[in-house]
Amino acid sequence: MPPPPHIKPENVLKRAQELIAVGQAPAALNVLHEHVTSKRTRSSPIASLEPVMLLFVELCVDLRKGKAAKDGLYQYKNIAQNTNVGTIEVVLKKFIELAEKKVTEAQAKADEIQSSLESAAPSSNVEDLEAIETPETILLATVSGEQSRDRTDRAVVTPWLKFLWETYRTVLEILKNNARLEVMYQTTALQAFQFCLKYTRKTEFRRLCELLRNHVQNAAKYSAQMHAINLSDPDTLQRHLDTRFQQLNVAVELELWQEAFRSIEDIHTLLSLSKRPAKNVMMANYYEKLARIFLVSENYLFHAAAWNRYYNLLRQSAVALAAGQGTKKENPSVTEADMTKAASFVLLSALSIPVISTSRSRGALVDVDEARKNKNTRLTNLLGMAQPPSRAVLFRDALNKGLLKRARPEIRDLYNILEVDFHPLSICKKITPILKQIGADPEMEKYVLPLQQVILTRLFQQLSQVYESVELKFVYELAQFPDPFQITPAMIEKFIMNGCKKGDLAIRVDHTSGVLTFDTDIFSSAKALHSGSAAGSAESDVGSVQRLQNTPAEIARLQLTRLAKTLHVTCMYVDPSYNEARIQAKKAAQARAEAGAAKEHEETLARRVLIEKKKEAATDALQRKQREEETRKRIRTQQLQEAEKQRLLDEQREREKKRLKDEQDRIRQQELKKQLEELKSGVKGIDISEIDLEDMDANRLRAIKLAQLEKEKNELNERIRTTAKRIDHLERAFRREELKHIPEDYEAQKKRDMELYEAIKAETLKEAEEKHKEAVALKHRLSRLVPVFSSFRKEVSEKRHEEFEKRRKAAEREFEAKKKQRVKEVQERRRREKAEREAEERRRKEEEERAKREEEERIAKEEERRRVLAEEKAKREEERKRLDEIALRQKQREEEAEARRAARKSGLAEPPTRAAEPERPAERTAPRLNLASRTGGAPSWRERQAAKEATGAAPAPAPVPAPAAAPAAAPAPAAEAPKEEVQLPRRTGGYVPPHLRSGASASPAAPPSNGPAPEKYVPRHMRESSSSQPPSRTQTPPAPAAAASSDKPEGSPAPQKWVPRWKQQQQ
């Protein structure tokens, strides 16, 4: 298949504009959608792709194709997010602007349609944009032809409202959890909030809040992805907080209190993640909205606590602004009127906290239920308080901060009446004017009902302390409130029943006698006191009720306590020793405490150190566990990503296979249809209506075609044969008849041909004469122009020749100038190269001279080193000679001792003493090791150095004079023939006798040619030098050697050869 023709974005854009120009917007949208979602688009430049996307979103908005827009924008985000984020924002802003513009136009159109009707609400009454048409509306539209405003809006405005809502949701889904698109994400969320507020879209607002909440939860889940947002970043967290505060404001404006409370929880969660404190202006808005939520939910206890926190924040902001520690932008603007209003509401909300619960749907133990405790803990955390609030704590805090002075006078009087000087018989008369003032204020009117509950509670609590029974009529007269806030007897009875159900009141109502009887059972247990109720009641402790006198039950219950106190006081006055014993015990306890204070302090310090170590160990363990968890999480995330990537690849591979298979099937079906059409049009007599394409293939179709062609061929041949037979007989008859008329026809044809020839000839001659005349006339007419043409051509030639000469001379001048410039450049370059060569030559000579000096210095240093080595070597040789002499004397002594032992064993006479022994030559060194010779036969540097020293040294020293005792024995060894000995194989690294070493003669058994004594060791360089000298200069063997050898036994070896001791012992 050929490639698609529109690959470049410019071509696609041009093609789409052409389709739009001819009114084919859906086709243009399809072209743009295919190009945007194509894989080839990923390599396209962003600059050329942006106009395509702008036109794409414009067409999607015009045609209300939200799904196509979502697909294209997702693909465009994946392409451009790594290169250019700004273009994504431009396209998405354009998308939102176009959708908002369509909604505005739809509203204007609806107003136009309903201009004759009464003005109605600006928005439709459709509750859910995703469920516009209900069965009721369809039935109503069917049976009624009336055109109302709601129906007009539903038909005109609501579809565009739905599309705008889908636009916001699509953009938020595209921008979610992307740090590079975070600002655009927050801006879009704020625009969506304004959309819900402007058109009162409560259902869409709930969905929007849930959508944003899911995005934040997924941000922590997919934090390892590329470009994921980091909630630890202060700027990111601040943007999310701003969005949630706007969400809270819109929820309060729409009176969606459940969503407002969830928004409060979202804000509290984000604040707990923030590392820097929130701004005071934000927290003021937070506490104000929280107070409104608690008031709507009738949780008066936490409502009063929220007002308390709000007042504290206002006071802190005022102090910070007065001290210059903060800016007006970060702190709410506070005036004296604001502080008075806040103080009044704090006090009024605290007074409105019910003492008992007003809910009838709760059992007696509801307030101690675990769910209630968890809820109170959650609300306490939302307020940022360490412990749950109570009525007494709130009043104490208000008094400590001086709220009575700041509050309005009527609120201050109300506090004094209810909490300080409560009188049940005159309470209603005193409170009536205050309730009227509170009821006149719309904001404070909401507190009248809870105040009535508090007043009734106080009334019955104090009546139960004074009376045992009272008439119902008397109670109704006491509970009289001003006109708008009257309470009926039924409401009073309802209140009594609720208090009895909760255990806060013990009252029996007798309607027959019209009497209220208070419980006076002195043995009854204490009433259950519960903290906090569903309506936000306070903790009903005993101290919160003014005590007029003790009830009989309390007197019976506290009898033992009073007796113990009385006996204690009596003992103190009657028995002085009791008091002294108490004082002594106290002193002893103080002494013990002082004695153990130091030890306890040390133990405390040691315990503190141990605790710190445990904390560090726990912290290290926690950090290690967190690192391991992060590692496992990262590995798990990588595995999930790889699995997801593999799954996507498999799905893509399957989709590609399915697409190829579908494409092949489609092409096959098209080919089959095409062949069938060709078969139908080309071959007659075939009915293709009964052919099933599913069971048909190309071979079967070809067989059908061939069979039909064969059939047609046979029929055609039969018709041709029949026709030929018929024509053959007919033609034969015609020719027989023609033979009679052929001569006549020939003569007539010949005559017609001659006439036609003559006419054509005359016409040709006439035309030739006319053409000749016209040519001659043209020649005479043009011949007048030849001189003018020649002169004009000559002038043009001369002008062009002059111009050519001018250009040639200019070119020659330019050539000469460039030639001179080139020569100058070449000369300059050659001078520069010559200077460089001379400088290089100078540097080379200097380098050579420096190298020569260094070489001379090195040679001098080498000569000096060799001289020092030679001196050291000479010293070592002298030391070695001295050691050899000592070793030789030791050896002579050993030999003498060995000879004596041998003589004693053999029974011979004593061997010659040491005095008769000839002196050994002094020139002998340590035995040489049988080291491996150098490869190649070349002497080492030590050998060469020794040869040089031997050449320039003095002649060999004179031989040691022989003793006079044996002068005649000298020639005897020379005359004797040397004995042959078998040379033992040499072991590498072992000891080798001197006569077998490398310095000896070629024959190992023969004595040296120069004649020195075999026992005398001569260095190698001396042996080499002595071998080249004449025999006259060699040393003669000393005579005592021969004499000594003659004295030896016959079995001993020749005197010229040294025999080891172990061999001598064997012999």
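Every residue, even glycine, has its Cβ placed from backbone N, Cα and C.
Small disclaimer: the values here were computed from a predicted structure and weren't measured.
These come from Swiss-Prot:
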- 92-121: coiled coil (COILED)
- 339-523: domain 'PCI' (DOMAIN)
- 608-899: coiled coil (COILED)
- 617-632: compositional bias 'Basic and acidic residues' (COMPBIAS)
- 617-665: region 'Disordered' (REGION)
- 642-665: compositional bias 'Basic and acidic residues' (COMPBIAS)
- 795-901: compositional bias 'Basic and acidic residues' (COMPBIAS)
- 795-1067: region 'Disordered' (REGION)
- 916-926: compositional bias 'Basic and acidic residues' (COMPBIAS)
- 965-976: compositional bias 'Low complexity' (COMPBIAS)
- 1025-1046: compositional bias 'Low complexity' (COMPBIAS)
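Broken down by DSSP into helix, strand and coil, the compositional bias 'Basic and acidic residues' (617-632) contains 16 helix, 0 strand, 0 coil. For the compositional bias 'Basic and acidic residues' (795-901), the number of residues in each DSSP class (helix H, G, I; strand E, B; coil) is 107 helix, 0 strand, 0 coil. The residues of the compositional bias 'Basic and acidic residues' (642-665), classed with DSSP into helix (H, G, I), strand (E, B) and coil, number 24 helix, 0 strand, 0 coil. Taking the coiled coil (608-899) as a whole, pLDDT averages 88 in the prediction.
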